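The structure appears below as structure tokens.
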Ligand SMILES: NC(=O)C1=CN([C@@H]2O[C@H](COP(=O)(O)OP(=O)(O)OC[C@H]3O[C@@H](n4cnc5c(N)ncnc54)[C@H](OP(=O)(O)O)[C@@H]3O)[C@@H](O)[C@H]2O)C=CC1
Ligand SMILES: O=C(O)C1=N[C@H](C(=O)O)C[C@H](O)C1
């Protein structure tokens with residue numbers, strides 16, 4: 001039985017990637033494609049940009065777009081994701097949430113929704129980044145004294161949130177491993193006479209330009225050596241493939257809030 005998947009943000013960079021990935025997957029079926037009022041794709045076949053027929057028309061009517069779906073994959077904006085969540089809860093449709101830039105109260109709303117439906121939310125769906133998160137936990141525990149930690153990320157000129165969701169997650173992992181509270185120790189950029197670096201801080205630096213898909217580096221700078229753990233994306237296809245793995249996972253799971261480590265079996269709790 002194939003997994004019936006609806007895609008939100010159908011005209012977006014990730015939306016298009018996801019439509020292509022679903023149409024190419026023998027065990028997945030595109031059941032709906034959503035976009036906002038005003039999108040040029042509304043009314044068109046969702047596969048038209050690929051020169052292929054999907055049999056699904058892009059719609060801004062959420063009920064029409066979610067009809068028959070088991071899972072909605074949502075890479076939009078926080079306000080869009082929350083609007084979709086309300087109807088997914090009502091209809092019992094699970095959600096893969098890739099959107100970033102949520103405020104804490106918006107994340108709490110998603111966690112509440114996960115009491116009714118399965119939700120897999122992660123700021124980065126690539127296998128590589130999720131393995132890097134595990135490496136960071138190990139590195140931070142081992143380098144817990146004498147190393148200054150800085151997180152540097154670079155993305156394309158169209159990205160609207162900063163630091164990236166992935167950079168923030170990396171910060172959370174490192175802070176957690178060191179017993180620090182990221183909210184209290186994060187420094188988001190420096191300017192002017194800043195004074196010497198406080199060793200308990202975790203610094204963030206953001207680069208935006210061109211078509212950079214997504215680069216992340218965590219720097220552990222000590223005396224006499226530096227360790228850099230980097231991940232560089234060269235294609236959005238990895239995010240799309242990770243999202244499909246998450247959709248398959250949700251199709252066989254009950255309500256709950258899951259992460260990519262659950263999907264990939266990286267929780268350390270065994271398979
Ligand atoms: N978790 C992961 O692995 C990844 C996460 N992301 C995240 O996914 C999100 C989308 O990225 P990307 O595809 O590059 O962005 P785009 O801007 O290319 O696409 C966003 C899509 O969402 C639609 N949209 C915007 N606002 C709303 C709204 N309020 N309600 C419904 N739909 C809306 C847009 O419609 P319109 O065209 O009309 O504006 C567009 O179709 C970002 O938050 C990004 O950080 C990105 C890549 C990987
Ligand atoms: O907006 C993007 O493009 C990306 N966003 C995600 C993030 O904020 O971490 C994931 C990836 O880096 C691409």
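Just so it is clear, glycine is given a Cβ too, placed from its N, Cα and C backbone atoms.
Positions annotated as active site, proton donor/acceptor by TrEMBL: 155. Around residue 155 (active site, proton donor/acceptor), the same-chain residues at least 6 positions away in sequence with a Cβ under 8 Å from its Cβ are 164, 207, 208, 212, 213, 214, 215.
Annotation comment: TrEMBL describes 159 as active site, proton donor. Cβ-based neighbour count (10 Å, all protein chains) for residue 159 (active site, proton donor) stands at 18. According to DSSP, residue 159 (active site, proton donor) sits in a coil region rather than a helix or strand.
As annotated by TrEMBL, NAD(+) binding site applies to 9, 10, 11, 12, 13, 14, 35, 98, 99, 100, 122, 123, 124, 125. When other Cβ atoms within 10 Å of the Cβ of residue 11 (NAD(+) binding site) are tallied across all protein chains shown, the result is 19.
The annotation (S)-2,3,4,5-tetrahydrodipicolinate binding site is assigned in TrEMBL to 156, 165, 166. Note: residue 165 ((S)-2,3,4,5-tetrahydrodipicolinate binding site) has non-local neighbours 100, 101, 123, 124, i.e. same-chain residues 6+ apart with C-beta under 8 A of its own C-beta.
Residues annotated as domain 'Dihydrodipicolinate reductase N-terminal' in TrEMBL: 3-125. Applying DSSP to the domain 'Dihydrodipicolinate reductase N-terminal' (3-125) sorts its residues as follows: 44 helix, 29 strand, 50 coil.
For the domain 'Dihydrodipicolinate reductase C-terminal' (128-264), the number of residues in each DSSP class (helix H, G, I; strand E, B; coil) is 52 helix, 37 strand, 48 coil. Annotation source TrEMBL lists domain 'Dihydrodipicolinate reductase C-terminal' at 128-264.
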Inter-residue C-alpha distance, residue 9 (NAD(+) binding site) and residue 159 (active site, proton donor) (nearest angstrom): 15
Any further residue of that chain within 8 Å (Cβ to the Cβ centroid of 156, 165, 166) of the recorded (S)-2,3,4,5-tetrahydrodipicolinate site: 100, 123, 124, 153, 155, 159, 161, 164, 167, 214, 216
Nonlocal residues around residue 13 (NAD(+) binding site), in sequence order (Cβ under 8 Å, 6 or more apart): 158, 236
Separation of alpha carbons, residue 159 (active site, proton donor) and residue 35 (NAD(+) binding site) (Å): 18
Residues that sit under 8 angstroms from residue 99 (NAD(+) binding site) by C-beta distance, when 6+ apart in the chain: 74, 75, 76, 77, 78, 80, 81
Nearest of the recorded positions (11, 122, 159) to residue 166 ((S)-2,3,4,5-tetrahydrodipicolinate binding site), judged by Cα-Cα distance: 122
